[in-house]
């Protein structure tokens, strides 16, 4: 069955690359230290309160790099402290408690707009509110409990900062090595598609959040490596494109030379990745870069070969740290004021009633209020577990909600059974419980990204043992917890069925955004040919990044819409055309991106290069064409699409064949035109 095929990897699959034993060991040490201090002082209840903060902030510590990680942790500390106080005070007034939970649910749903870190902070704050709401306290007691929770979280934060001097740029090296190795593997695979961008995006994010104690020389070397890697990717895209065309033309000699160049480049890229290993191999031999007979290649391909070889040599020097830094790279450093400005824009968009984030936040608020009320009416022990499950399961899209629901139920059932057996066989004393809790915390952190079923399993064991530490019936409550998990998961799925946000309804908007972003990037490059020296390389890089992100978002949307067709919901799959339209559009825009990337790689570096004003005229028509096509995809009235093919033919006639740049521009704009005409044809069928 398609549904089972979709769920099986999520439930049973283990993504080994996402295991985090090092981070898990550090976070589990914070949990163990908190418990040991409390138990040693003879106050297990205080230990459990502080441990709640330590465990949740430990989850937040798995986000971000250096500064962003600490920001997420401190945000979680503050949010959990405030939530603990509010939850403990409000529990005495049921209506107020349910209302507070609904507000927290709305805020947690809104926080998803700020990415993984915002999602974690929102979830952990709501968890703190729910757990604190299980114990009625006076304001003074609630304040003390909030202090204990915050103290446990601050301990985790201090542990993260304490290991900074011991880390020798491991995150930066790993990110760059992974990016170079992914580039090498792609070239060796022989695929004509462009090399992946995600590894370099990840490396850029890591370098944009640098080690606070990093030396300037190391930072310059890493920036140079990223710069050369991004440039090498552009040249490799052009060469893979050139090889495909040479194969079609039957230019066997050119194909043979390109195969040699690509194989040599793959070895050189892998060599740079090896140099970025845990220990710098200063004595490693130079990377082999041979001379080739480039006369059999088209001039643009020959220029790409020369540029690629220069970039690989520069990357090798940077990896050995014996070359000059590359000052051109523009990385998104984390500064406070721009971040606040971006946050305001993001929040304003999230609170738009038409946005997906707003609908998810409102749906989550209602679900939590209903779950809390249902838990109270049914008299379930530990009433927080039902709404907690509903909150964790409910995601912005149905496919993820279904997957989370199944993994949560399976993991909780297995964890309840395992914890019951261990408790029955060992009858653990307090210090043995501390050891078991540390082991469960380590395992939960380690598999947090790798498998949600295992995370739910170890989390359930952790909760059972934590309750046993303060004398609560952990074993007998396991069955009730499983029932609450089933009810919470079912409630989340029912809420989505009642008020769905099907991905298929969002595909066209994502595709229109992709067309807009890709056209903006293409027009920026074309106008740089029209007026050499006028374009800011950083602006071109930003436009390329925006187009890449839009393409990734559209591709993910199409994939989710395709998955919805196989779900057991009657009206989820009534529009398969949206999936085929999306797949065709993404593929066409990928071809356009390759052509534009090739043009960008060959942009004249000199401001006094020959201007080609015809390129600007074609860019104007492309801009008008895209605006009309994007409006049609959005269902809005718009002008008729101009004849893009006629504009390209006029461009080719005016360019002629007098120079390499002119021939290349005519060739690649033909590819761009074909890509956009393909999308127009796909859209006109529906």
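Even glycines carry a Cβ here, placed using N, Cα and C.
Annotated features, as they stand in TrEMBL:
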DOMAIN    371-494  domain 'Integral membrane bound transporter'
TRANSMEM  78-107  transmembrane segment
TRANSMEM  142-164  transmembrane segment
TRANSMEM  361-385  transmembrane segment
TRANSMEM  431-448  transmembrane segment
TRANSMEM  454-472  transmembrane segment
TRANSMEM  479-499  transmembrane segment
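Against the transmembrane segment (142-164), stretch 78-107 shows more Cβ pairs under 8 Å than any other of 78-107, 431-448, 479-499. Among the stretches 78-107, 361-385, 454-472, 479-499, the one making the largest number of Cβ pairs under 8 Å with the transmembrane segment (431-448) is 454-472. Tertiary proximity for the transmembrane segment (479-499) is limited to same-chain residues at least six positions away from its ends with a CB under 8 Å from its CB atoms, namely 359, 363, 366-367, 370-371, 374-375, 380-382, 385-390, 393-394, 398, 401-402, 404-406, 408-409, 412-413, 416, 460, 463, 569.
Broken down with DSSP, the domain 'Integral membrane bound transporter' (371-494) shows 99 helix, 0 strand, 25 coil.
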